[in-house]
Amino acid sequence: MKLVNTIILTYTILLILSTPIFLSLKAQENGTGMATMPVQSSEGGFCKSMVETNGYECEDHNVTTKDGYILNVVRIPMGRCRDCRTRGNKSPVLLQHGVFVDGRSWLLLPPKQSLAFNLADNGYDVWLVNSRGTEYSEGHTSLNFDDPAYWNWSLDELVAYDLPATFQYVYDQTGQKFHFVGHSLGTLMIMAAMSRDQLVNMLESVALLSPVAYMGHTTSLLSRVIADNFIAETLDSLGFYKFDMRNVIIIEILKVICRIPSVDCTTLLFTPYTGQNCCMKPSIMDIFLDHEPQPAAMKIVIHMCQLIRGGNTTMFDYNDSGTNIKHYGQPTPPAYNMIGIPKDLPIFLSHGGADALSDVDDVKLLLDSLQGHDPDKIVVQFIERFAHADYLMSGNAKEHVYDPFIAFLSRLH
């Protein structure tokens with residue numbers, strides 16, 4: 001079976017790398033190429049399908065960014081237990097997902113194991129963001145979803161537009177500061193903003209799960225292949241503006257493969273990208289493939305590749321001094337300096353020893369940047385066996401991460 005798994009693994013990597021070409025050709029051929037997964041109606045978001053069906057009250061909100069993107073934000077205002085059905089008895093908590101997923105990534109586990117539902121059951125007012133370009137945040141005030149201009153964004157636009165819009169909206173709706181939880185790219189978004197002393201006035205605390213502040217030491221096989229071979233840059237130069245792995249044929253094939261008892265799909269699909277996750281049940285793969293992965297702009301993939309190759313965390317590099325000067329007023333892109341993160345802001349940071357994307361050596365660089373942080377305001381947790389996806393889909397994430405985090409929040413009140 002080792003040989004079979006190796007063959008399937010190699011095939012999957014090649015399939016993933018080739019997918020953006022097929023999907024972008026589809027857009028260029030006006031619908032004559034390979035079919036993407038049917039998009040559900042964005043009306044009602046995923047409140048009905050993933051929240052209300054589990055017995056929780058749910059609200060859908062739309063937030064428009066200054067550059068015109070219409071973001072769906074889902075609110076779970078209270079828990080379902082008898083003792084926790086009181087609205088607003090604790091602070092709001094805003095959950096920000098990473099790249100290639102959306103807000104549903106916080107709901108893949110059963111309610112008793114999910115971070116979002118556990119926060120609600122502990123009395124918190126929970127807000128789940130869906131970033132631009134994901135299934136429920138496809139809208140724009142003037143651009144069509146298939147317009148290349150719609151996909152002209154990187155990390156910088158998420159930091160400059162998406163975060164401020166959602167922060168201000170939640171702050172205005174609740175009338176109070178809130179806690180922020182980020183996973184993967186979600187952590188980089190908030191750290192980039194904080195490094196410039198932005199949005200801090202609306203924060204009570206920040207949780208960084210699988211923090212990605214630096215990427216130069218990543219051991220992610222798939223990320224390294226794409227970055228070292230300039231695959232995203234090549235696709236972009238050929239006019240492929242969107243990186244979309246959600247293809248109906250591929251998803252259905254993967255579901256069939258994942259149902260083969262001898263195939264460990266948690267290893268097959270995630271290890272080349274995230275590292276060897278320790279504690280995911282095979283049954284979660286069907287749930288994951290029902291909702292994820294989500295598309296992202298080719299530009300943000302290029303941006304992440306730049307961070308991998310350069311080892312530093314900077315704004316998008318246009319690889320042309322004139323263009324950089326036009327955007328930044330200098331020939332090279334400005335850095336997001338993690339030393340600028342406020343030293344008195346409560347921080348909960350959790351990282352795993354098997355995480356290929358949030359590599360231990362890269363996290364050490366982040367911790368070095370936080371050395372001057374008030375020791376009473378920071379909790380650093382290291383879980384030897386955890387990899388990147390364990391933080392969202394591991395059956396014991398509640399025990400090892402979520403419960404300690406909620407205890408951390410309780411000590412702040």
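Yeah, the Cβs are placed from backbone N, Cα and C, and that goes for glycine too.
As annotated by TrEMBL, active site, nucleophile applies to SER184. Look at TrEMBL and you will find ASP355, HIS388 tagged as active site, charge relay system. Per TrEMBL, domain 'Partial AB-hydrolase lipase' is recorded for 49-108. Here TrEMBL flags 6-25 as transmembrane segment.
Annotated features, which come from TrEMBL, shown on the structure.
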residue : record                           : Cβ within 10 Å
SER184  : active site, nucleophile         : 27
ASP355  : active site, charge relay system : 29
HIS388  : active site, charge relay system : 28
Pairwise Cα distance for HIS388 (active site, charge relay system)/SER184 (active site, nucleophile) [Å, integer]: 8
Secondary structure tally of the domain 'Partial AB-hydrolase lipase' (49-108) (DSSP, helix then strand then coil): 14 helix, 19 strand, 27 coil
Length of the line joining the Cα atoms of the residue listed as 'active site, nucleophile' and ASP355 (active site, charge relay system), in Å: 11
Reported mean pLDDT - the domain 'Partial AB-hydrolase lipase' (49-108): 90
